[in-house]
Each structure stands twice: as structure tokens, then as C-alpha cells.
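Accompanying notes for the structure given below.
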Amino acid sequence: MRIKRREFLKASAAVGAVAVASPTLNAFAQTGTGASAMGEAEGKWIPSTCQGCTTWCPVEFLFRMAVRSKYAATQLSKANNGYCCVRGHLMLQQLYDPDRIKTPMKRTNPVKGRKEDPKICPYHMGMKQWDTIADKIMELRKNNETHKYLLMRGRYSDHNSIFYGDLTKMIGSPNNISHSAICAEVEKMGSMATEGFWGYRDYDLDNMKYLIAWACDPLSSNRQIPNAIRKIQGVMDRGKVVAVDPRMNNTASKAQEWLPIKPSEDGALALAMAHVIITKGLWSKEFVGDFKDGKNKFVAGKTVKEEDFEEKLTNGIVKWWNLEVKDRTPKWAAKVTGIDEATIIRVATEFAQAAPACAIWYGPNMQPRGSYAVMCIHALNGLVGASDSEGGLCTGMGSPSSSYPKIDAYQDDVAKAGAKNKKIDQRGTLKFPAMGSAKPGTGVVTNNVADALLAADPYDIKVAIGYFCNFNFSGTDGARWDKALAKVPFFVHCVPMFSEMTYFADIVLPAALHHTEDWAVIRSKANLHGHTSIQQPVVERMFDVKGVETEITWLLAEKLKAKGFENMYNWLYNEYKDPETGKNPTNSLEFALYATKIRSKKCWDPKENAEYKGDKLNGWADFMEKGIVNSPKFKFRQKWEKGFPTETKKFEFYSETLKKGLLAHAEKNKVTVDQVMEATNYEARGELAFIPHYESPKRHGDVKEFPFSLIDMKSRLNREGRSTNATWYHAFKKCDPGDVNQEDVLQINPADAKKLGINEGDMVKVTSVIGSLTVKARLWEGVRPGCVAKCYGQGHFAMGRVSAKDFGKAVARGANFNDIMPADYDRITGATARNGGFTGVKIEKA
């Protein structure tokens, strides 16, 4: 039986009519009497976890009459103190979205392409989809080609260790590819190269007196949004908040001062601030040290003898000054940043005078040369002694978890051999150091997978699975992904919505939603506390959906066992026993539950948490009811006492940590570090490669032909790219400053619009070096002249009838500007470039 796309939509519409219009809500209700008035006293609050952004807030859902009707933050959470942000409410519409994929489906049109109807039809008999997938994997094993299996990950839980990690190894492939390099990897290098921490920072907002929100919007995106919303006014009352961004975001609109910097000139501003702090003698003597004679010898343009300075907890302050900072004056920076000299001097002085109760909270900085920019920014946190100080910033707290069972005894020789092959994303090659944790080849180069697939370099891929990912939409120059996935012979997509990537799937498996339908464990941190929180089903499933990381693993293992490869099933059956009863799992749901119990055991088992200093629970039922375990509060200055996890055990202005990684990468590829810099498109040569230094912007498009810099911004309503089919997303779009409800717009400064003869609401053609898009113009003073800003999220031709203009005909609603942004990278980290105005565009009336 074949179902055309429009017939599939008609079926969805029938469910939607029941969900939206029926007075009895009989798709969900336990009785046919209809819904009575709902009072606050009715129902039960069930804890789970929101994963709409990278905060991962513990939340609760009010369950009334078999319907999840309300959401709020978990009152026991010390990360958000019971507060939540606006995007969480969209979970209600996501759960009951009539356009969700409801049953496993298969492709019947062998031709793949963006404009090709896949002609999907549902599996009606048994579980044939699992037979098909298992057959493809067995074929790889038979031909000793297990390395040609690829798993691509989007949003995930701790259980990704099972599906993304261990399952891939059991099959025999090195190719588990994370989405993280199109998310926020560059910012991690700022703290990694200076203080040895590869991760997101935490902030002591309760005691902070001066906050610079730099290229990020803590009130809308990035991390710990509810905590920032609740506490930013306190920072302003005690001192000052400054926002650095080419566009007035939510934080900038709240802050006492907004610095509309030119795109990609972040490093210049940071270095000029360092110059001011150093020449004025405002650096932290307690943390950095001082001249032996007590006299400041740092004078603009003049070098200093290293032996004259006695450093304490830092490495290379004088070398950094001599090589770079001495010439980076505010006067120089004013010319390249667009921020006047007096403002640079004043803000730098204010920041240092508030130390150590100050911090720079910086964002992704996903620019082609972003690693060195974030090193410059984070160096300021060290220069004033704010790192690991009360009122400043820190690495944050971890949270308890127990280990997953090991796979070693179950991984056979075929799998071991296959897993030793190179990864498909080309990490570790000369042009992609991809230095996660400053070690070559330990990062990921997500967006480059498309090019690797097209070139079959290092080899071709024959079987691919993707879950909670939509790289054809979320990756820059997405047309590459269209061509690449069209080449893959067999692709399975595990998602809740029919996305742009799903168009290329041979089998579509409907995914359970993390927050309301699945079992999982989530760990995160905010507000100086770490936490482990639960995800659990809060309503009975309406559709034939499965938890990807657990249930799909089990169902696939069952089929592989039936076909003669029983290792995977034996691993799951023997090792994932219920830690309370010792019972072996007998089906996919039991496995999901037991895996969650195993991972969280240290949270709820009185024996395992006996020595834990944070929250203590009394049994699994207690964890299900409370939903969270909070860590103790972070203790400051432990690294001051014990040392930083860098090569020198100090905060590094001259990064021996980065130097070690770059030298290792150069040696592996039989070149010099200078040749690495050249191959990866950085300007640094010699010692500059090891210090925070200025790199001029790398821009696609000559300024004369493409005069405007494109600013890619994020909506406070985006839920990991899967919320645009919610009507509330569009109804409240103006909560993103400068945007318009029910519209997708390009923000243009009125002064620029006047020169172009463009009026409010005009349709404009936006052209880059790789293509053009048409979108509605929005005239707004909140975007810097010479820049245009577009919010990521809209422009779907898939996802559903709200998200697309015409879902049946695959007509997009709005424009996805990833389609005209070239595929480029910060190659030290492997991160995709999307920030810093690296794409030049020209604007014309359509």
C-alpha cells in the first residue's frame, strides 16, 4: 500500500481535528463525558526535564484527566530555583501536535532529492522495519565493512552512551557523529586553552557586580536562562551589565550599556581592554603577580623583561604583553571595532575595578577564526582574577551518576577491527585539527560529514541512522547535505516530526519526545549547583513512538540476534538488570526503565549515595517523585590552591596546553605549526599561535559587491529546531527584539534601508556568494548599520502545516538563511562558522 504525501496529511488532519476540535478530547480522555473545568487543586505534578535549550532545566508537568495541561519548573531545583522560561510552554503543543510521525514508515520512491516526494507508506504488518535495518547491518558484517555504518546524533540524554556510543562500537564502526560542532564548540576553547576546561562555565550571579554579556544573550539563549532572567536585575542593582553584540538582543535591551561591535572584531576589543587593564596596573596582583620592584613597567608599545615580573598563578603574562598586547591600544581597536576609544577605556576600567566580582559571559563565537577571539575574551577573566572567584565565574559542579555496563566482553573481532578505522568527518587531518580538550582529533566536524560523504573520503557510507537531527536545515550550505544523503544507499531517521532530513530516509521511525514520553537521565549545572534529573513518561503514548536511545537499541538487538548476531542482545539482557529486583529486561520498555535506574542509581540508592554531600534520596520511588538530585554548592578558589588542569598547572596567557596540541597535530601530519596555521586559515605564525591574539575577520563576499554583514541570531522560542510547528511560536515571535508576530523578517537599520529605497514590509532579495533568498524587510534601529540580522528557525518546507507554508507541496514558510551561508569552520575546534558576519550579502528589492 502506498500513501502519497497529501494522503498522509489528510490522515494527520483527522487526528488533529480530534485533538483540537473535539469537545470530548477523545484522543486522550479516559471518559467520553468531555472536559470539565480545571482547577489548580486537580491533577498531579510529575517531574521531568526540559531540553529545549542547553540549560536542561528540571521541570514538572500537571497531569489532569489523562492530559498534560501545564508545565512549571521543578520547585526543588537549585539550578533555576523553581523558575522557567517561555520556551518550555511550547512542550504542550509539541506533545499534542497532530503532524507528529505516528507509526514507522518506509520510502517507496527510490529517487532522493529535496524536491522529490519520498512517497512514504506505513508498515502495517508486524515489525518488518527492524528486519530491514538488521539485514543491512548484517550485510556490513558479512563484508567486513562495519566501519561504513554511520550514526548521527542531535538532542540526547545520558542514554546516548548506549545508542550513540556502545551500539556503534558493537556494530563495529568509529562513526558516531555529534551535532555539537554546529552548536557551540568554539567558546569551549576559550577556557580550554587558558585554564584547561573544555566545557560551559557557571556564574556567581548572586555576588556579581559587573557582567559583560559578550556575543551571547543569557536571557534568551546559551545556558541557564531562567537563572539569568531571575538574577540579572540583582547584578544591575549592585553594579552594571554591559552587552557586546552587533544587534540589540534581550540582554542588551535590559543592560545599562550596549556596545554594538562590528562583527568578528571581538578579539580586538578584548585585547584593547587587556591593554587598558595592564597599563593602568589594574590586573589582579593576588592572582597574576606583580613586578618585583612594585613599579608598573607595562607601557604602550614597549617590551618588558620577563625576569622583572614575578608571576603567581598564571603563565606568560609578560610574553603575552610583548608579543601582542603592547600594541593593541584602545585607539587602534576603535578603528576596527566601531566602539570609541573613551568607551573602551571606561568599560575596561570599570570591569577591572569591580574585580574579582565580575565576569565576561561569552557566547558561541562560531567564526572562521573564533578560537583566538574567545581566548582573548577569556583571558580578561583571568587577568582580573575573576576565574574561580566568588562573584565571578567557574567551571561549575558535576552531579551524581552510576556507570553503564561495559561492552568489552561482547564486542567481537569483526567489530573491534571495524571500529579502528578513521572517522568519516576527517577530524585529525591537516585541515581539521578538531582539538576538543586541546587534543588533535578529539573534537567533531559535524558539517564536514556532507563533504566527506560526497567525496567518499576516507570511504563511503552504506548504512546511516540519524536521530533528533536535521542537518539539511541546521547545517550551513544545506544543499551539500541533500546531495550527500542522496548518495547514501540506506538511511534511517528517528525523529518526532517529518523534517527536511527525513525526505532522504528509507525508513522513518517515530521518536518518543524526551520530556514527556521517554525514560532517561539528564545531568547539567547552573547557579553554582550541578543536578541529575529524570525524564519519564508523564502521559500515555498516543502514537507508536519509541525511545530512540533505549527502545530502538533493544528492538534492533532482538532482530540481530534472530539473524545470528546475538552479542548485542546478550549484552543488554545480561548486563541491564533491574538494580532493585535483579530482573532481566524482557522488552524494550523494561530495558529503558532499567537503564534509567542503573544510570541514576547513585542518586537514589542509600548505599551508593551514603557519602554524597548533595541531596540524598531514599529509593527509586523517591527519585521518580522528586525528579532531581542537587549537588552541593560550588566552592571557589580550589584551583587557586590546587592548580589548574593545564600543562603548567596555571592560568595560561601563553598556552602551553594549546601549544602541546598544535605541535602534536603538526607532528602527526609531518608539517610545522606554521603550516598548520596556513592550512587552517589562521593568520598567526610563530609564537602567536600559542597566545590570545588578534585575527582579522575572514569574510565570504567582497565588501563592494556584498556590503552587508549577515548576523545569525537565535530565538528564545526555538526548542532545538523543533518548535516552529507550534502556533504559539509564531503568535509570540515579537518577544525576539525586532521580530514580528506571524512573520519571518530580515532586520535592517532604517538608515541603510533608506539608502536602498526599502520600506517596512517590503520583500527583499538577499544574495550571498552561494545563493539568494527572499524575505520580508523589518526596519529596526536595534541592528548595527552595515549589518542585517535574521533569526534562525523559520524557513521550513517540512515539519508540519504550521511550520511550512504548504506542507503538502513542500513550500517553505519564511527563509532558512543557512542555505546562503557558506560551509566554513573554526578549524582548531571543528566548529561550523555561523557567527561574526562571516557571510557578506547584498540587499535588493524583490
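Here the Cβ of each residue, glycine as well, is placed from N, Cα and C on the backbone.
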Same-site arsenate binder from Tyr156, Tyr203, Tyr210, given that Swiss-Prot records Ser180, Lys188: Tyr156
Co-listed arsenite-binding residue [Swiss-Prot; alongside Arg155, Tyr200] among His124, His179: His179
Site with most surrounding Cβ atoms, counting all protein chains shown within 10 Å, from the binding-site residues Tyr156, Tyr200: Tyr156
Among the arsenite-binding set Arg155, His179, Tyr200, as the record gives it, the longest Cα-Cα distance in Å: 17
Composition by DSSP (helix, strand, coil) of residues within the domain '4Fe-4S Mo/W bis-MGD-type' (43-99): 10 helix, 20 strand, 27 coil
Local Cβ density at Lys188 (arsenate binding site) - other Cβ atoms counted within 10 Å: 24
Near-site residues: [4Fe-4S] cluster, ref Cys50, Cys53, Cys57, Cys85, CB cutoff 8 A to centroid: Gln51, Gly52, Thr55, Trp56, Val59, Asn80, Cys84, Arg87, Gly88, Ile225, Pro226
Among Arg155, His179 [binding-site residues], residue with fewest other Cβ within 10 Å: Arg155
Nearest-integer angstrom distance between the alpha carbons (Cα) of Tyr200 (arsenite binding site) and Lys188 (arsenate binding site): 6
